[in-house]
Structure formats: structure tokens, C-alpha cells
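According to TrEMBL, the features are:
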| type | residues | note |
| --- | --- | --- |
| TRANSMEM | 12-27 | transmembrane segment |
| DOMAIN | 15-150 | domain 'MgtC/SapB/SrpB/YhiD N-terminal' |
| TRANSMEM | 53-77 | transmembrane segment |
| TRANSMEM | 110-130 | transmembrane segment |
| TRANSMEM | 136-154 | transmembrane segment |
| TRANSMEM | 174-195 | transmembrane segment |
| DOMAIN | 222-431 | domain 'DUF4010' |
| TRANSMEM | 246-266 | transmembrane segment |
| TRANSMEM | 278-302 | transmembrane segment |
| TRANSMEM | 309-327 | transmembrane segment |
| TRANSMEM | 347-369 | transmembrane segment |
| TRANSMEM | 376-396 | transmembrane segment |
| TRANSMEM | 402-422 | transmembrane segment |
| TRANSMEM | 434-458 | transmembrane segment |
Amino acid sequence: MSNYILDSQSVLLRLGLALFIGLLIGVDRDESWQKQSAIQHSRFSFVRPGKQAVGLGGVRTYTVLALLGTLLGTLYLVNTQTLPIVIVGFIGVTAYISIAYFLNFFDRHTLGLTTELGMLLLFALTFALGANLLDYKLVLGIAVIVSLISNLKVEFRKLIGSFTQKEILESVEFVAISAVVLPWLPNVTITIGQVLSLLNLSAGPFAAIALINPFQFWTVIVFISALNFVGYFLSKLTQSSSSILLTAFLGGIVSSTSVTHFLAARSKVAKTASNSKLLVAAVLLTNMTSFIRIPLIALVLNPQLFYQTIPWFLVLILLTVGISQFLRRGASKHEAPLAIFTSPLAIKPAVAFGLLFLIVSLATNIAIYCFGKMGFVVTALLASFSGLDAVSIITAKAIPDVISLTVGTSVLLGAVITNLVFKLGIVRIYGEKRFAFLSTVWLGGITLAAVLLLGIVLL
């Protein structure tokens with residue numbers, strides 16, 4: 001026998017929360033049934049003659065069920081010898097739900113179990129609440145989720161019905177390459193020396209240079225695949241050019257280089273000038289994220305550098321936004337997303353960029369090793385080929401001990417220019433001719449603007 005003693009306040013709190021949960025789910029179930037127009041008249045005249053068939057319960061049923069579960073849980077908490085009563089209660093509730101389900105099956109020929117499972121879960125949750133087996137916050141959170149799932153039944157069916165078999169299969173493949181393969185790869189850096197030693201060869205002074213990190217390499221592939229995956233379904237849901245621009249901007253926050261390569265590869269299926277303009281606008285937006293990230297990094301690590309650089313980067317941001325809007329106004333608002341994202345999974349472009357990323361990283365590591373500490377600026381410019389975040393962090397920390405504030409500003413603008421030139425190379429190599437030309441004009445124009453700003457800083 002349990003010695004657990006409850007005061008009246010605790011009991012009232014449990015009952016009040018159970019009442020709220022029952023009302024929450026019950027109201028949603030009533031609204032959910034009202035949304036379904038295909039409700040036939042009952043064939044069981046001995047149950048409800050001449051009435052319409054309805055769900056297993058509404059507000060009153062769910063509220064009573066929640067209160068019953070809480071009372072049984074509280075009773076068991078106070079005295080564990082009441083377990084037989086609890087078991088009888090569970091059997092009774094299960095029997096009621098089962099009988100109602102079979103009546104509904106014969107009446108409406110439905111095999112759905114969502115409502116039945118929801119009622120059982122509600123009873124179990126409120127019992128756990130009364131028996132103090134779960135925290136009330138967790139119980140309330142689960143109840144809200146159950147309510148949402150029950151109320152959005154029709155919407156979920158419409159959404160699932162809009163997917164093709166190919167989309168579902170490729171979605172499973174995407175989950176496999178990201179959630180199944182990635183966790184098993186070692187997050188260890190493999191050097192040139194380690195690889196050549198397997199072949200009984202000597203790497204000499206280059207032995208310590210990093211060659212590949214399997215986990216990071218596959219992470220790049222997963223990221224590129226995720227861009228295509230998100231972009232495809234955004235396009236499918238919104239059916240507008242905004243999905244591409246949003247995907248490009250959000251992806252650029254993580255890796256503008258990856259997104260630039262991705263958009264260049266996608267340009268080969270953009271068969272119209274309108275689509276090409278939209279992709280160029282996306283390229284500009286994804287690279288604009290660098291103009292935002294650099295000042296933010298400076299603000300956190302070196303506020304003086306932030307105040308010194310923010311005017312120049314604001315100029316680049318405004319210029320990029322203006323050109324992007326100009327290109328977007330001349331782009332198709334309906335055709336472009338469907339023409340660009342043809343499949344949820346694009347593994348070949350992802351692997352191609354992963355190899356490119358690997359080659360560039362290796363070349364950068366070798367170059368930095370060769371230059372050594374001969375010049376901070378040279379090292380920063382070389383590092384900017386693979387990304388600007390590392391350059392921003394190093395530069396912010398180097399001021400004022402290693403370099404001056406003016407030199408630091410010049411390094412950041414120079415790194416941006418170098419990075420943009422590298423992006424121009426990507427769009428020229430991997431992009432379709434029309435896309436490559438437009439990108440060269442507009443992205444090249446922003447690069448020239450950055451050069452002019454650097455010249456002003458150096459004056």
C-alpha cells in the first residue's frame with residue numbers, strides 16, 4: 001500500500017489540467033468531423049434511428065475520458081492496491097472504443113485508427129498525469145501534438161496525396177545518405193603522409209598536410225543534396241520564384257560556395273532567359289549572405305572592426321539587393337521553379353561539388369604551407385577560396401596585435417574580392433552559357449564595386 005498523500009490543491013490541479021486537455025482534443029475532433037462532408041446515415045436503427053453517423057466522441061466524451069484517466073491515476077497513486085480497479089477501467093475504455101470502432105466500420109466502411117489511438121493515448125496520458133508518472137509539461141505538450149495531428153487529418157491526406165511515388169522513394173534515399181551513411185563516417189582528418197605511407201611512399205615536407213576528412217566531405221554532399229531537396233518541395237508548395245530565392249539565401253548562410261555551384265549546375269535545365277535571370281538573382285542573394293556574415297562576426301569578436309567595415313558592406317548589400325530585384329522582375333513567377341527543380345534528389349551534382357571542394361581545400365592547404373608566415377594577407381586571400389568565415393575570424397582576432405584596423409578592413413574586402421572571383425570561375429565552368437554570361441556581368445559588377453571600395457580604403 002502506498003503512503004503517498006495528496007493535498008486537495010494537487011488533486012484540483014490535475015483535474016483542471018485533464019479538463020483542459022479533454023476540451024482541447026474534443027473541440028478539435030468536433031471541428032475535424034465537421035470538415036468531412038461524406039457522413040452517411042446510420043444503418044443501425046437500433047442505435048440511432050434516422051441520425052447521421054458521427055465520430056467516436058466529441059467534447060463531452062473526450063473530457064469525461066480525460067477526467068476518468070486522471071481519477072484512476074490519482075487513485076492508484078494514493079493506494080497501489082487499487083490496481084484491479086485501474087485494470088478494469090482500462091479494459092472498459094478499450095472495450096468502448098473497440099465496439100464504437102466496429103460499429104463505425106460496418107456503418108462507414110472505414111479502417112482508420114487515428115481517432116481510436118488518440119482516445120487511448122488521451123486516457124493513458126491523463127492516467128500518467130494523475131499517477132504522477134509524467135511531468136505535467138510533457139503531458140500538455142503531447143496533448144497539443146495529438147490535437148494538431150487529429151485536427152489536420154484532411155490537410156495531411158491532401159499533402160500526402162500530392163506526392164508521387166518517385167518523390168517518396170527519392171526522399172527515402174535522401175534520408176539514407178544523410179541520416180544513415182553520415183553518422184558512420186569517421187570525423188578524422190587523413191593527411192597526405194598517411195595515404196602515401198600505405199603505398200610505401202614518402203610525402204616529404206607535405207606529410208602533415210590534411211588531405212580529406214570523410215565526415216566533412218560527406219557533410220558537403222549532404223548539404224548540396226539538402227539544398228536540392230528543400231528547393232524542390234518549396235517550389236512544389238509555393239509554385240513561385242520566391243522559393244528559389246529563399247532557398248538560395250538560406251543556403252548561402254551555411255555555404256555560399258556550395259549554393260553557387262548548385263545553381264550553376266541547375267542552370268543547364270533553365271531553358272529560357274527568364275529562368276536564367278532568376279538563377280542569377282539567386283546567385284547574387286546567396287553571395288550577399290557573406291556581406292552580412294562578415295560584419296556580424298566582426299561585431300562579436302572585434303566591435304571596432306565592425307564599425308570600420310559596416311559602411312562598405314552596406315554598400316555591397318544594397319547594390320546586390322537592387323540588382324537581384326531588377327533580375328527577378330524580369331523572371332517568370334510560375335514556370336521557373338518547376339523547370340529548375342526536376343527531382344528531390346540530385347546526388348551527381350552533390351558528389352561533383354564534393355570533389356571540387358576537396359581539390360580546392362587541398363590546394364589551399366598546400367599553398368598556405370608553402371607560404372608559411374611570410375604574410376598574413378597572402379594566407380588570408382588563399383584561405384578565402386574555400387570560405388570567408390575563417391578569414392573573418394582570424395582577421396578580427398589579429399587586430400590590433402598583428403595588423404592595424406585599416407589593414408584588417410583591407411584584408412576582408414580583398415578576401416571578398418578573391419572569393420567572388422572564385423565564384424565567377426564556378427559559374428563559368430559549371431553554368432549554362434546564358435547563365436554564365438549574365439552572372440559574369442552582374443556578379444562581376446559587384447566584384448568591381450568591391451575593388452573600388454578597397455581602393456577607397458587604401459587611399
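Each Cβ is built from the backbone N, Cα and C atoms, and glycine gets one as well.
Worth saying up front: this structure is predicted, and the values here are computed from it rather than measured.
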- Task: For the transmembrane segment (376-396), could you work out the same-chain residues 6 or more beyond its ends whose Cβ comes under 8 Å from its Cβ atoms?
- Result: 255, 257, 290, 293-294, 297-298, 301-302, 305, 357, 360-361, 363-364, 367-368, 402-403, 407-408, 410-412, 414-416, 418-419, 422
- Query: Are there residues at least 6 beyond the ends of the transmembrane segment (434-458) whose Cβ is under 8 Å from a Cβ of it, and what are they?
  - Reply: 264, 267, 270, 273, 276-277, 279-280, 283-284, 287, 312, 315-316, 319-320, 323, 327, 406, 409-410, 413-414, 416-417, 420-421, 423-424, 427-428
- If one takes Cβ-Cβ under 8 Å and requires six or more residues beyond its ends, the residues near the transmembrane segment (174-195) are 203, 206-216, 218-219, 221-222, 225-226, 229, 344-345, 347
- Query: Can you name the far-off residues of the same chain, 6+ from the ends of the transmembrane segment (110-130), with a Cβ under 8 Å from a Cβ of it?
  - Reply: 14, 17-18, 21-22, 25, 29, 55-57, 62, 65-77, 86, 90, 93-94, 97-98, 101, 104, 136, 139, 142-143, 146, 149-150, 153
- Query: In the predicted model, what is the mean pLDDT computed over the domain 'DUF4010' (222-431)?
  - Reply: 78
